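According to Swiss-Prot, the topological domain 'Cytoplasmic' annotation covers 1-28, 86-105, 192-208, 292-314, 444-455, 548-638. Look at Swiss-Prot and you will find 29-47, 65-85, 106-126, 172-191, 209-229, 271-291, 315-334, 424-443, 456-476, 527-547, 639-659 tagged as transmembrane segment. For 48-64, 127-171, 230-270, 335-423, 477-526, the entry in Swiss-Prot reads topological domain 'Extracellular'. Summarising the annotation, Swiss-Prot assigns N-linked glycosylation site to ASN248 and lists sequence analysis as the type of evidence.
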Amino acid sequence: MASTLSPSTVTKTPGPPEISERIQNAADISVIVIYFVVVMAVGLWAMLRTNRGTVGGFFLAGRDVTWWPMGASLFASNIGSGHFVGLAGTGAASGIAIAAFEWNALLLLLVLGWFFVPIYIKAGVMTMPEYLRKRFGGKRLQIYLSILSLFICVALRISSDIFSGAIFIKLALGLDLYLAIFSLLAITAIYTITGGLASVIYTDTLQTIIMLIGSFILMGFAFVEVGGYESFTEKYMNAIPTIVEGDNLTISPKCYTPQGDSFHIFRDAVTGDIPWPGMIFGMTVVAAWYWCTDQVIVQRCLSGKDMSHVKAACIMCGYLKLLPMFLMVMPGMISRILYTEKVACVVPSECVKHCGTEVGCSNYAYPLLVMELMPSGLRGLMLSVMLASLMSSLTSIFNSASTLFTMDLYTKIRKQASEKELLIAGRLFIILLIVISIVWVPLVQVAQNGQLFHYIESISSYLGPPIAAVFLLAIFCKRVNEQGAFWGLIIGFVMGLIRMIAEFVYGTGSCLAASNCPQIICGVHYLYFALILFFVSILVVLAISLLTKPIPDVHLYRLCWALRNSTEERIDLDAEEKRHEEAHDGVDEDNPEETRGCLRKAYDLFCGLQRKGPKLSKEEEEAQKRKLTDTSEKPLWKTIVNINAILLLAVAVFVHGYFA
């Protein structure tokens with residue numbers, strides 16, 4: 001079911017599939033150009049108005065972001081072009097159940113805002129590996145998690161976003177793949193490098209608005225074309241391709257006939273493509289890793305003005321996460337109705353003719369809808385939507401990955417690095433990420449086997465659960481120590497890696513040909529595997545922790561839930577190392593009297609290095625630290641966000657029940 005890679009079944013795309021009318025008219029091109037100009041203008045505005053000259057300013061937007069741009073940024077960071085391609089594609093292939101992945105986030109967003117973020121803020125951290133270092137001490141956990149997170153960024157996030165964006169670019173413009181991707185990444189990087197997190201959050205807000213407007217318009221066109229909701233449900237069940245024989249293959253009807261449970265979210269626990277116990281429990285584990293411990297998501301919450309703003313942002317994002325079912329999954333299913341021969345193709349030679357890959361063209365469901373259904377001008381708007389979702393996800397990944405590298409890895413290599421050096425290192429690392437991303441593209445092209453969204457979720461299921469287990473125990477079980485956490489992560493990672501490599505090597509099979517992967521490794525659905533992996537990791541962490549010395553409470557004040565309200569002074573486990581670093585600090589390598597030329601001034605303006613605030617006294621530093629670790633809320637706003645959280649949970653229960 002989890003569709004990953006099977007190189008043996010992939011045929012390289014000879015060129016973009018033929019579309020009746022590519023984006024070559026003035027209206028479409030004008031819309032795209034205006035879009036890029038506005039995005040760059042917003043990025044430059046954020047660059048000039050915010051303080052990017054400090055690490056906190058560049059990476060956390062100075063903890064001054066209000067709830068609505070933060071909520072929009074959470075949504076935009078999550079919804080990449082991979083969602084438009086992947087959700088619509090899986091919807092076209094198997095119905096609405098894939099939307100449960102989106103709705104599952106409603107609960108986890110509340111867990112993030114009410115339980116995880118308060119601890120992260122009280123801990124005074126910028127990155128998730130940094131939290132583990134404060135909580136457990138030592139360096140190996142921090143370094144290991146930083147490297148693993150960067151690997152996940154490249155192998156999973158950047159790769160799937162670039163692949164899905166490339167589908168649109170090839171269909172719409174007929175451009176050379178590498179030229180188009182290079183241009184996109186270059187523009188994306190410019191405002192990430194120059195603007196920092198504030199720039200990313202404000203451009204995300206703009207792009208969320210563009211995404212929602214464009215998606216609603218396309219949804220309207222799609223439902224009008226198919227004749228309304230009742231007609232849609234009837235026609236989808238009859239969307240069967242006419243060519244079902246060929247290539248000397250005997251193709252089972254189940255490979256090309258819509259599933260009987262296409263309009264149900266809860267599916268059979270054994271035979272279902274998304275079994276209901278896996279959807280409720282396994283999916284929650286993967287979602288807990290993504291929403292509560294992932295750097296890209298948590299970093300947005302750490303930038304919030306106060307806890308009420310953070311909680312309101314989580315609620316706003318939760319409501320927005322209700323929309324993908326109607327904006328992406330159902331339009332993907334309508335695409336199967338309108339373009340059955342292409343989207344639902346089953347004979348390998350026919351699929352190669354339509355989209356260049358033997359195992360199906362469901363990934364092309366949404367792009368086809370855009371290119372064939374939308375009139376001029378609106379087609380350009382929809383391509384802008386795709387570019388918006390691609391670029392917003394990439395900027396979020398670039399900014400968060402550079403934070404991880406700078407704060408968790410670079411500071412280990414260069415212990416006495418000045419703040420200016422850290423800022424430059426973070427920006428240079430973004431450039432390195434872009435190079436790696438472009439080199440990764442050929443590997444991404446192989447990932448066309450089957451359905452992109454199942455590829456994304458299956459890889460997440462193999463890498464995420466051990467991280468979720470460690471963070472959950474770190475916050476809610478103070479008895480857990482460094483040895484338990486480290487070996488729980490390592491053993492969980494090895495188990496997940498074995499399954500992932502096996503699927504890369506053997507493939508996951510398709511309806512036409514079963515995978516040769518050994519049953520003992522690949523026989524369990526990836527959502528069940530995530531659940532097994534989670535509990536194995538928890539058992540290892542607890543067992544080793546109970547067999548070794550506990551961490552004294554004096555090191556844990558405000559780092560775990562039981563001690564979250566402690567007022568005693570915490571002695572950090574890494575305090576000795578911090579003192580050593582501070583002993584080498586305090587010398588600013590910049591000479592304030594130095595005369596600078598025009599080029600140097602322009603460079604400093606571009607990188608946000610010119611705006612140095614006054615040197616803070618010890619008292620001012622303490623006051624700033626208190627602000628950055630403050631989780632207090634005004635009673636009125638606390639009550640308002642709590643009531644809204646209950647309403648959001650009620651809505652989540654209703655939609656699950658209605659589509660069950």
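Just so it is clear, glycine is given a Cβ too, placed from its N, Cα and C backbone atoms.
For the transmembrane segment (65-85), the neighbouring stretch richest in Cβ pairs under 8 Å, chosen from 29-47, 271-291, 315-334, 639-659, is 315-334. Between the transmembrane segment (271-291) and the transmembrane segment (29-47), the number of CB pairs under 8 angstroms, six or more residues apart, is fewer than three, so the stretches are not in contact.
Ranked by Cβ pairs under 8 Å to the transmembrane segment (106-126), the stretches 209-229, 456-476, 639-659 are led by 639-659. Counted with DSSP, the topological domain 'Cytoplasmic' (292-314) comes out as 18 helix, 1 strand, 4 coil. The Cβ of the residue listed as 'N-linked glycosylation site' lies under 8 Å from the Cβ of no residue that is in the same chain and 6 or more residues away along the sequence. If one looks beyond the topological domain 'Extracellular' (127-171) by at least 6 residues along the same chain, the residues whose Cβ comes under 8 Å of a Cβ in the stretch are 13, 16-17, 19, 22, 80-82, 84-86, 119-120, 177, 180-181, 184, 293-296, 298-299, 363-364, 367-368, 370-371, 383, 386-387, 390, 393-394, 397, 400-401, 403-405, 407-409, 412, 433, 436-437, 440-441, 443-445, 447-448, 452, 455-456, 459-460, 463, 467, 470-471, 474, 481-482, 485-486, 489-490, 493, 551, 555-556, 559-560, 572-574. Taken residue by residue, the topological domain 'Extracellular' (127-171) breaks down under DSSP into 41 helix, 0 strand, 4 coil. Panel annotation: around the topological domain 'Cytoplasmic' (86-105), residues 78, 160, 164, 236, 258-259, 261-267, 272-274, 279, 283-284, 287, 291, 317-318, 321-322, 324-325, 328-333, 335-336, 343-344, 360, 362-366, 369, 451-457, 652, 655-656, 659 of the same chain, lying at least six beyond its termini, place a Cβ under 8 Å from a Cβ of the stretch.
With a threshold of 8 Å between CB atoms, the same-chain residues lying at least 6 positions outside the topological domain 'Cytoplasmic' (292-314) that come near it are 59-68, 70-71, 73-74, 77-78, 108-118, 120-121, 125-128, 149, 157, 197-198, 201, 396-397, 399-401, 403-404, 467-468, 471, 630-634, 637-638, 640-641, 644-645. In the three-state DSSP reading, ASN248 (N-linked glycosylation site) counts as coil. Long-range contacts of the topological domain 'Extracellular' (230-270) within the same chain: residues 94-97, 99-100, 223, 276-279, 330, 333-334, 336-337, 340-341, 344-350, 511-512, 656, 659-660, each at least 6 residues beyond the stretch ends and with a Cβ under 8 Å from a Cβ of the stretch. Here the topological domain 'Extracellular' (477-526) returns a mean pLDDT of 88 for the predicted model.
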